Ligand SMILES: Nc1ncnc2c1ncn2[C@@H]1O[C@H](COP(=O)(O)OP(=O)(O)O)[C@@H](O)[C@H]1O
Ligand SMILES: [Mg+2]
């Protein structure tokens, strides 16, 4: 059993994961928690190279190769970064983790759920999050936020029907995970303002840490 607390951030692209991880991290640091923030893919030096290959490569990545590369990234991440941080009493916040494989490679790409379950078990080395926040927003809103983030104005929109359907399957899979595991996986309505969503995050995370990480604040002399 680890001493720290492992919290993961999930949701479709543009749902607000990275924004809310940053906001929560500052809030928790102010409150004196020992924190490590990380992401998948790319939380380790090896992972950063895999991330580059997966997200920026010239070559079309075969879906099975993609599934296994994400698993390799996760194995390195868990064994060299996440578990050691938890064992030394840190709170670990990760931008994506195992549920992303279920949503993207399972529901999105269509790999069978027993294969996905095996790969997740192997890649995570059995380590599941203590708490998972799923940022839930429509595909249209998420897409509009990403266009804005990337500074795309009006020109041709390559977000075609196939992609809308893909991201809709991913979103639905996340919602299903929250329904199946309501204690670990908390669905957060992320359609409102950043402030509104941040307030929802705080409402869930602070009581959770009060219960599960009471001894994990940095020792502070006042
Ligand atoms: N509630 C919100 N309302 C409006 N814009 C938002 C909201 N949440 C995030 N954004 C913006 O949307 C974009 C995508 O958010 P981001 O946190 O990068 O999403 P993700 O990491 O899930 O892809 C960013 O430019 C961010 O500032
Ligand atoms: Mg992000």
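Each Cβ is built from the backbone N, Cα and C atoms, and glycine gets one as well.
Residues annotated as domain 'Thymidylate kinase-like' in TrEMBL: 9-200. Among the features that TrEMBL reports, ATP binding site is placed at 11, 12, 13, 14, 15, 16, 17, 18.
Feature annotations (TrEMBL) mapped to structure.
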residue : record           : CB count, 10 Å
11      : ATP binding site : 25
12      : ATP binding site : 28
13      : ATP binding site : 14
14      : ATP binding site : 24
15      : ATP binding site : 28
16      : ATP binding site : 25
17      : ATP binding site : 23
18      : ATP binding site : 17
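Compute the center of the Cβ atoms of 11, 12, 13, 14, 15, 16, 17, 18, which mark the site for ATP; besides them, the chain residues with Cβ within 8 Å of that center are 135, 137, 142, 145, 190. Proximity to ligand 2 (Cβ under 6 Å from any of its atoms) holds for these binding-site residues out of 15, 17, 18: 17, 18. Ligand 1 lies under 6 Å from the Cβ of 15, 17, 18, out of the binding-site residues 12, 15, 17, 18. In the three-state DSSP scheme, residue 18 (ATP binding site) falls into the helix class. Across the domain 'Thymidylate kinase-like' (9-200), the model assigns an average pLDDT of 95.
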